[in-house]
Structure formats: C-alpha cells, structure tokens
Amino acid sequence: MLKYNFSAGPCVLPQEVFKKAADAVLDFNDLSILEISHRSKDFVQVMEQAQSLAFEHLGLQDKGYKALFLGGGASMQFLMCAYNLLENKAAYLNTGTWSAKAIKEAKMFGEVIEVASSKDSNYNHIPKSYSVPSDVDYFHFQTNNTIFGTQLQETPSVEVPIVCDMSSDIFSRQRDFDKYDLIYAGAQKNMGPAGATLVVVKEEILGKVSRSIPSMLDYKVHISKDSMFNTPPVFPIYVSMLTMQWLKDNGGISWIEELNNKKAGLIYNEIDRNPLFEGFVTDKADRSKMNATFVLKDEAHKDAFDQLWKDAGINGLNGHRSVGGYRASMYNALSVEAVETLVSVMQELERKG
Ligand code: PMP
C-alpha cells in the first residue's frame, strides 16, 4: 500500500501526474522525455503550456508579467532577486529560516532593513506591527514558512514593489497575485520534482540597477530567451506542467483551496481538542494550511505515537529539527483521507492514553 506522505518537500504529487510522468519517461512522442532536445518543438510546447498555466492559475495573463522556470532552487532566488533589484536598500520581513537566508544573501548587494522579526520566539508567529519605508527598492517576505508552520493570510499593503517567496503555498489558495511584482517558488511542493523554480516577474521592475549582472543570474537574459537561455530542467518543468494541468482540470485554485481548508480544519480541530497535543504556532490566525506544526504535551507518549502513525502508513511526520515535535505537511495532492487517518491515530493515542 502506498504511504500517506506528509513530507515537507519534496512531497506528494497527484498519482495521475506520477503515472503520466512515468509514461513520458518511456515514451513521449516516440522518444523519452529525458532524451529530447529542449529546443525540440515538443518541449517548446511544454514550456509554453507551463508558462501559460502558471499565468492562468495566478490570474496574471496580459498584465506585463513574464514566467521563467530556472534552475538553482528557491535559494538561488534569494540572491538573484537582490542582484537584479537591490540598488540601495530593501526591506525584509523575517519570519523564519528561509527569510534569514534570503536576508543574508541580499546583504551582499545593498542595505537590508529587517522591518520585523519573530526570531526571538523561534518564529512561532508572524510579526504584525511594522512599517515598510517608502524609499526601499522592494519589500521581501515569505507567504508560508515551511519549517515553523506559519502563513501570511493577507498581502501587506505597501507602496513599494513586492518580492515574494511562495515556495510552500503556491497554487494552494487565492491571493491578490497582481499586487506582487516578483513571485518565486521552488517546484518541489505544489508543482513537481525538485530542480525547477518558477519565477513570475513584472517586466517593468527590471533593468533599474546600475551593476552588471552575470548572464545566468540576469532575469532579462532569461526573459529574452523565453526561459531557454541554457538547457532548462526539462523533466521538472514537464511534471510541473502536468500538475498545473491537473489543478486546472479539477477546478483550479478555488477547488483546491476548499480542500486545503478542509484538511487544515480537520488537523487543527484535533490539535485543539485532543488533550495530549498542542500547536506550535501561538497566534491561531497565523496557522499554515500547508504545514501544521504541533507537539506532544508529554514526551512520554512519543514512542507510542510514533509507532501508531507509522503503523497507519503515515510517512514524514517528524518536525524540523529547529522546532521538534511533528509537522503535517498537507500540500495540494495530499488526500483528505490521509489527514483523516492522522486524526484517527491521534484519537487512538488519546484512548490508549
Ligand atoms: N523557501 C521556502 C519557503 C522553502 O520552504 C524552501 C525549501 N523548502 C526554500 C525557500 C529553499 O528552497 P530550495 O531548496 O529549492 O533552494
């Protein structure tokens, strides 16, 4: 039996996508997808389809944005966005390990103003009262903090361009995507295998810094070559395209958002109801619908709980080392049944007490 995979990423993808991807490895128009040229007509179509599906899901068609699928992971975007956009100073919201890493890279290119940080409380909430200076080149934040299980619910209202890491909640819920000037997201959560990173950027914000930018790190270069400046990660892009198509065929972001709300409701209700557990995030409004972090109130139950969820066919529930406890990652392709199984395991632990 296949396991219920609650891993934080790489993670579960739709079975249908796995099957189509496997088929294409063996036969994609009489060749393997792994052996075709990225310049072939067939792959150019895949790239165009992937870009157009990304725009469609985000509602950003014909609004001056370009979509790229780049290598290097979301971590590459930490430096690439600063390289391309940071002339003098930029504002960053520090809500977790990935924010801190983005800040570290940006400091190599200019002044970084950390407008607020929840580091002192181990990132167990999202800072609320802060202001973003109007003279910064951009404001950067993460919508979802994969490790700590917090999620920004509203898009901050600011006067400066917004640069945003949506690696762990892209395509999972509706947002005012047109308020964002640059969105990036590693594929390996809601899109596909690791190796491709989606970058959606408003073209008008580019070309304003005075430094010269190495070609591979220059968004304008990648745009001028339709994301084919060098050999793109063909297979991850193909699988991302399949997942975006799957999302579209089933009803798009509004369909998945309802399911994601249902899954999050199930797990958080149980965390709050079950006397053996408590949530990690202090402000319930900040709870992530993608990654639910929780701990056992009494560690004495740890062995019994670990045995129960493993026996129930659950994989990947251990929390990140900087938080401890458990993390149930519930990306788009995780079934409601998987979350119901986890909830029933938590209830079984309570019964056995
Ligand atoms: N940002 C977020 C929110 C993440 O969750 C991760 C990785 N899980 C990263 C950035 C880094 O991504 P990558 O490993 O693709 O560089």
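Any Cβ shown, glycine's included, is placed from N, Cα and C.
Remember, it's a predicted structure, so these values are computed and weren't measured experimentally.
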From D42, D120, D165, the one annotated by TrEMBL with A74, S75, W98, T146, Q188, N230, T231 for pyridoxal 5'-phosphate: D165
Among S75, D165, K189, the recorded positions whose C-beta sits under 6 Å from ligand 1: S75, D165
Maximum Cα-Cα separation (Å), residues A74, S75, W98, T146, D165, Q188, N230, T231 listed as binding pyridoxal 5'-phosphate: 30
Inter-residue Cα distance where the pair is K189 (N6-(pyridoxal phosphate)lysine) and A74 (pyridoxal 5'-phosphate binding site), in Å: 11
Conformational class of D165 (pyridoxal 5'-phosphate binding site) under the three-state DSSP mapping: strand
Rounded Cα-Cα span from K189 (N6-(pyridoxal phosphate)lysine) to W98 (pyridoxal 5'-phosphate binding site), Å: 15
